[in-house]
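Participant: Attaching a single structure in structure tokens format; questions to follow.
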Amino acid sequence: MLFSGGRRKKHIANPQTDLYAHALQFYGQPPLENISLSEFETFAVDRLKLLKTVENLGVSYVKLSEQYTKKLENESKNLNFPHRLDIDDRKSQNAPNEYEKRRKDYISHFILRLAYCQTEDLRRWFIQQEVDLFRYRFSDLQPKQKLEFLHRNNLQYDTISIEEKKTLLDKLVNSSYGVSGITVEDQDFYKVPFQDALDLVRTRKVYLKAGYVYIPHQDIVTIVLNDFRTRLSKALALTARSLPAVHSDERLQPLLNHLSHAYVGQDYSIQKNVGKISLEQIDSLSGKSFPLCMRQLHQALRENHHLRHGGRMQYGLFLKGIGLSLEQALQFWRSEFIRGKVDADKFDKAYAYSIRHMFGKEGKRADYTPYSCMKVILSNPPSQGDHHGCPFRHSDPELLKQKLQFYKVPPSGISQIMELVKGMHYQLACQKYFELTHNIDDGSFSLNHPNQYFIESQKALGGGKDLKKEMDMSQRSQENSAARRPAAAREAAANTSQDLVEMTEDLDSFFQDG
Amino acid sequence: MPSSDYDLASLPDLLPLYYRRLFPFSQYYRWLNYGGVQKNYFQNREFSFTLKDDIYVRYQSFTTQTELEKEMHKMNPYKIDIGAVYSHRPNQHNTVKSGTFQALEKELVFDIDMTDYDDVRSCCSAADICSKCWTLMTIAIRILDRALRDDFGFQHLLWVYSGRRGVHCWVCDEAARKLSVAARSAVAEYLSLVKGGEETLKKVVLTDPIHPFIKESLAVVEDYFPQYALQAQDIFGRKESVEKVLTLVPDDVRRELQQLFEKEKKPENRWELVKDQATKKQATGKKGQHFEKEIMLQYCYPRLDVNVSKGVNHLLKSPFSVHPKTGRISVPMDINRLETFDPFAVPTISLICEELDRPRTGEEDIKENEKDAAEKRKIRDYKRTSLAKYVKYFDQFLDGMASSWKGELLRKSDLQKEF
């Protein structure tokens, strides 16, 4: 990518229409044109908004379900990204509007690569969202366009012979989704190493034999996505290497940094309220202000005097986030564990380490942040003996219902919650639970973090107002100073920095709403 | 049985003897060196020792078999864990720039632990096992072994008894050792059917069509279900356990079965009634009525600790390590004789050390002793103990693997000749 004031050799700006001949691409070559800083910013922010939408929709809806595609299409339209890719490519590429959209899509992708190549975590997030976005766009193509796309990108995969198809017919029908005897005959089956179609392997939606998967043409998106993912992952690693050059540009560095910070929203890791909570308060707070997942963990801990690793992490980091100090945490866990099968000596040897670890006092000394709803819902599902996870996601509906009844949620509310659970809107179900238990009709926030639940609850109950304000202030001032510091170093950049602060505040408010 | 004589207090005395005279170092090195096909494969492997009083020493590594032996003789670890092959020597991990020290490869491993079956076994709980519930491990091994070979195409599977309440599987194929974290987790999830924690009652849900992998697994479960679940665990016996089974069927079926069970007490017949109901339901043409299969799977299907399989850098207890609580040696299992494997017959460290002290029998010793080097004696030491047959099986396993890299080595040496 070439930035104005370019260190790199300027290329003659070839009419780049060729680049945008198709709405969907693998983003092979980086753009070479000059763009203004303000365009740079808007492009980046808009794409981030789009990716954030992709992430949120992926949690609330089944991917590629009707609602999912509809909402994603709307968001693409609003943000002026290409949408409805089924229009004839050749015709639409001439429309000036469509050209702009494709250009924006292309350039903004590369800008975010710069922002999201820096750490493993950021890369993972970015790749995941880009892959989902690609999946949506690819699936929106007509069959003919799909073939064209494969052809254009030189993607060739081995197909199996008719004889092989015949011998495997039963197995293929029973392992692939929506495939019948007739459709097996009609379509090609690709045979690729199972490592290239992990999504299908994971969900057991493909026939697997001797290390190879047999993928019907209708599912070819999986292999294409795998290709896309591999390329993007490699490209990000390369980008990371050239990052120092970009970072020396004081106009871009703060912007890129802020962009990459924005993806999680608030992470509830800054503890200005450390020590504001005493251990005696936890029991009563767990009933009043803990989200259901934490209440469940707290209860299990009190009952069994033990929690397994997944539970200790989820609950321990939450407690850290609401303000328990390391000393308090150690005391809290020890006093509970030694009432069970663990004696004080064993606790100090086997468990204290992991608690200090959580607070960044051991190992690589990372200060771990409390888990967000997304993380609780999507990663490390509970298994035998576990109490962690999201109660709305990981409980039998019947048990959840009983629990809600036990917690005195009115029957009408329970059925509303169960309806949301059924539609897989776990965060909305939790928010409904919040509203019902706090007698608030319409929550003024959108729930995406257990610690946010706690803060909002304290706010609603009138107890934690100051606590919350303090936290917000500290976070805001930290971020602003982070954005200003490098910029303020040079006067020349002062104006940019001013814009930046404004823009980053916009971003903040966006992600707090979204 | 002398093995019950094991006493934790004797471990500090027995371990030096075990490591000096019995631990199969040469086989062990042969395994982890993988024929020397890849450079530094053994050198960059992490070992982790647990010493007396739970002192944990991570990031040990050794350049040669002799170095490993020396260190083990010196430290006499209570427990040995094996980790990943890293980009640098693990014992120097502090000297390389942070971020560059990375876990590159490891066997694909599986850990099945009997505690994870506590909600479906009535004979024991937690760390206890008995011959009744051991059937669960037999089922688990048969299902996973088949799938890893037939579905994933792996060949070199080392099954190891953990020494107490579970089994481990080390998939040693080169392709398996090179799998990414994402691939490992996909394999583990493909193999996981029982899902959900304490807040989930129905942990297996099947959808149409039933995947060939599930069909194959069901075929294995069906072999054992009558004997294991109906007889040994008697799941249709006590009232509570019957109720537990019935939570897994649809409401209308449950009511009907409850009535039918009033008159029918025999477990086998009760199970027939369940199956009849399922057949009836399936005949209605409605999709997803597989509750009889779901019951079988929930009670018998292997429960994997997915997190162990996912991580490349995850540590797992090494074969031939001693289990400090039981004293039993973590021995490789011959899966051709799986049905007769008895965890209670696995020798303890006390037993094999005692066997070593028994007077030698027969003249063969006298003849060969003359040219005996210390090394040679050591090789034969284990042969005089109950450990022998497990080491022998390990040898066979290693021979099988050696044939796979012979081609690779030949190719390499051919290349060299050309210069």
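Numbers run from 1 along the shown chain.
Glycine residues also receive a Cβ, built from the backbone N, Cα and C atoms like all the rest.
Keep in mind that TrEMBL annotations are predicted by a computer and have not been checked by a curator.
These came from TrEMBL, pasted as-is:
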type     : residues                               : note
BINDING  : A:CYS293, A:CYS373, A:CYS390, A:CYS430 : [4Fe-4S] cluster binding site
COMPBIAS : A:483-494                              : compositional bias 'Low complexity'
DOMAIN   : A:284-454                              : domain 'DNA primase large subunit C-terminal'
REGION   : A:464-499                              : region 'Disordered'
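For each feature listed, report its degree of burial, its nearest neighbours and the pertinent distances within the displayed model.
Facilitator: Around the Cβ of A:CYS373 ([4Fe-4S] cluster binding site), the number of neighbouring Cβ atoms within 10 Å comes to 23.
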Participant: What is the Cβ neighbour count of A:CYS430 ([4Fe-4S] cluster binding site) at a 10 Å cut-off, with all protein chains included?
Facilitator: 26
Participant: Enumerate same-chain residues with a sequence separation of six or more from A:CYS390 ([4Fe-4S] cluster binding site) and a Cβ-Cβ distance below 8 A; give 'none' if the list is empty.
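Facilitator: A:CYS390 ([4Fe-4S] cluster binding site) has long-range Cβ partners A:CYS293, A:CYS373, A:VAL376, A:ILE377, A:TYR426, A:CYS430.
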Participant: Once A:CYS293, A:CYS373, A:CYS390, A:CYS430 are set aside, which residues in the chain still have Cβ within 8 Å of the Cβ centroid of the [4Fe-4S] cluster site?
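Facilitator: Here the non-site neighbours turn out to be A:PRO291, A:LEU292, A:VAL376, A:ILE377, A:PRO391, A:PHE392, A:ARG393, A:TYR426, A:GLN427, A:PRO450.
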